[in-house]
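Annotation source Swiss-Prot lists 5-phospho-alpha-D-ribose 1-diphosphate binding site at G94, 97-98, T102, 104-107, 122-130, S134. The feature anthranilate 1 binding site is assigned by Swiss-Prot to G94, N125. The Mg(2+) 1 binding site annotation in Swiss-Prot covers S106, E240 and is backed by sequence analysis. What Swiss-Prot records for R180 is anthranilate 2 binding site, and it gives sequence analysis as the kind of evidence. The Mg(2+) 2 binding site feature in Swiss-Prot is assigned to D239, E240.
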Amino acid sequence: MIKKAIAKVVERIDLTEAEMIEVMDQIMSGGATPAQIAAFITALRMKGETVEEITGAARVMRDRATPIRVGKGVLDIDRDDINIDQETILDVVGTGGDGTNTFNISTTVSFVVASCGVKVAKHGNRAVSSACGSADVLESLGVNLDVTPETVEQAIAKIGIGFLFAPALHGAMKHAIGPRKEIGIRTIFNILGPLTNPAGADCQVLGVYREELVEPLARVLHKLGCRRGFVVHGMDGMDEITLTRETRIAEVTRDGVSVRTITPEEFGFASCPAGELRGGDAAGNARIVRGILEGATGPRRDVVLLNAAFGLVAAGKAVDPAEGVRIAAEAIDSGRALAKLEELITLTNE
């Protein structure tokens, strides 16, 4: 199938979702050669990936991931018949690769939101193009990443947050690692990670590195069965909701997708220079994260509150972002958010 797919894509012919599923199955089962994989993902990038192609690829990655079971079973958001007895699971994640070198905003947000009673399955990896990925900062904070899937499940069930370390749960990705490194360009795999949470997160705040990805990835989430979510891109380049400029945001509901532009001032925050949100290496970012959770004020806290607010709306814990900001601020000021970090450190090191 992959030979036929390459021939179509080089002629700028889009694949159907079913065709993409067949190709990705071949890639992730080891049935395609490195040369075929490299040719295919390069041609796909040059053509431009469609919503159907991304959706098909995401379905295969989800199916082949090691599942993280939450509640009574695996919450699979590819299915139409989602078990309504399952608890809401939220992921706050970005594609990375935005080049802005901010501190780990979504990781900090995850602890704030989890301390508000939302089950959080934080999906992430080590840094690829940035100085510090979510796995790097968590490790520096003292979280043990070398844990079993059962420990991750226990963390989500017991304390309300677990870290899903992508390399440990997406073993079938090994077949694409070599070709991806050797061609050295962004491909479909750069955007698939945030779409393939192994815990089947049914609510999501997804940051993307390019404005043009906002609406397409929102439509992918909708096709995959996302109950409520936001796909965001700061117009300063951030794969987060930013304080420096406007943010382009697509809201995903069961009814469809709507896109708009927001400003920090709408939610009571002053804009700030980009330098106020920058981070550093893992140790430096760990100090920033802990400082925010301990109550440090300023633009870094504000950007966490704003992003957490949309996470709380996605998870149904706030009716709107304004209420979400108030709830998130109280979670930090009460010490609950910091306590959530300490609980995860303790549980993963037992």
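Each residue, glycine too, has its Cβ placed from N, Cα and C.
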Cβ-Cβ distance under 8 Å to R126 (5-phospho-alpha-D-ribose 1-diphosphate binding site), same chain, at least six residues away: G133, A135, D136, P167
Spatial neighbours of G94 (5-phospho-alpha-D-ribose 1-diphosphate binding site) among the binding-site residues R180, D239, E240 [C-alpha, 10 Å]: D239, E240
Entry from the binding-site residues list H123, R180 having the most other CB atoms no farther than 10 A: H123
Close in space, distant in sequence - S106 (5-phospho-alpha-D-ribose 1-diphosphate binding site), Cβ under 8 Å, 6 or more apart: V92, V93, G94, K122, S134, V205, G207, E240, N307
Separation of alpha carbons, N125 (anthranilate 1 binding site) and the residue listed as 'anthranilate 2 binding site' (Å): 16
T102 (5-phospho-alpha-D-ribose 1-diphosphate binding site) CB neighbourhood, other CB atoms within 10 A: 26
Other CB atoms within 10 A, centred on E240 (Mg(2+) 1 binding site): 27
Nearest of the binding-site residues (T102, H123, N125) to D239 (Mg(2+) 2 binding site), judged by Cα-Cα distance: T102
Coarse DSSP state, helix versus strand versus coil, of G94 (5-phospho-alpha-D-ribose 1-diphosphate binding site): strand
